[in-house]
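Annotations per Swiss-Prot:
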{"type": "SIGNAL", "residues": "1-21", "note": "signal peptide"}
{"type": "DISULFID", "residues": "CYS50-CYS63", "note": "disulfide bond"}
{"type": "DISULFID", "residues": "CYS57-CYS68", "note": "disulfide bond"}
{"type": "DISULFID", "residues": "CYS62-CYS77", "note": "disulfide bond"}
Amino acid sequence: MKLTCVLIIAMLFLIVCQLNTADDSTDKQEYRAVKLRDAMRNFKGSKRNCGEQGEGCATRPCCAGLSCVGSRPGGLCQYD
């Protein structure tokens with residue numbers, strides 16, 4: 001009887017630890033992805049001279065294959 005109780009408690013403890021670890025790893029992975037995305041955006045070598053799709057075209061022209069749609073100050077680069 002005591003052995004059965006100890007085994008049940010041990011299994012519950014292991015299950016809780018496993019679930020807790022799984023939850024922590026997904027949060028860290030999402031955070032890591034956001035951090036990597038921000039680092040890529042801020043990388044000095046990645047400065048573009050043209051706007052990509054969905055970006056504003058008030059301060060710089062749209063990239064090749066895109067045109068400025070909407071009013072010039074508030075327009076967005078869209079595919080032709």
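Just so you know, glycine gets a Cβ as well, placed from its N, Cα and C.
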To the nearest whole angstrom, what is the C-alpha distance linking CYS63 (disulfide bond) and CYS77 (disulfide bond)?
8
So which disulfide-bonded residues are near CYS50 (disulfide bond), with CA atoms within 10 Å, out of CYS57, CYS62, CYS68?
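For CYS50 (disulfide bond), the disulfide-bonded residues whose Cα atoms are within 10 Å come to CYS57, CYS62.
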Work through the disulfide-bonded residues one by one (CYS50, CYS57, CYS68) and point out the residue whose CB has the fewest other CB atoms within 10 angstroms.
CYS50
If you count CB neighbours within 10 Å, which one among the disulfide-bonded residues CYS62, CYS63, CYS77 has the smallest count?
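Per-residue Cβ counts within 10 Å for the disulfide-bonded residues CYS62, CYS63, CYS77 bottom out at CYS63.
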How big is the gap, in Å, between the Cα of CYS62 (disulfide bond) and that of CYS68 (disulfide bond), rounded to a whole number?
7
Reported as an integer number of Å, what is the Cα distance between CYS77 (disulfide bond) and CYS68 (disulfide bond)?
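CYS77 (disulfide bond) to CYS68 (disulfide bond), Cα-Cα distance: 5 Å.
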Any idea what DSSP makes of CYS62 (disulfide bond), helix, strand or coil?
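Assignment for CYS62 (disulfide bond) reads strand.
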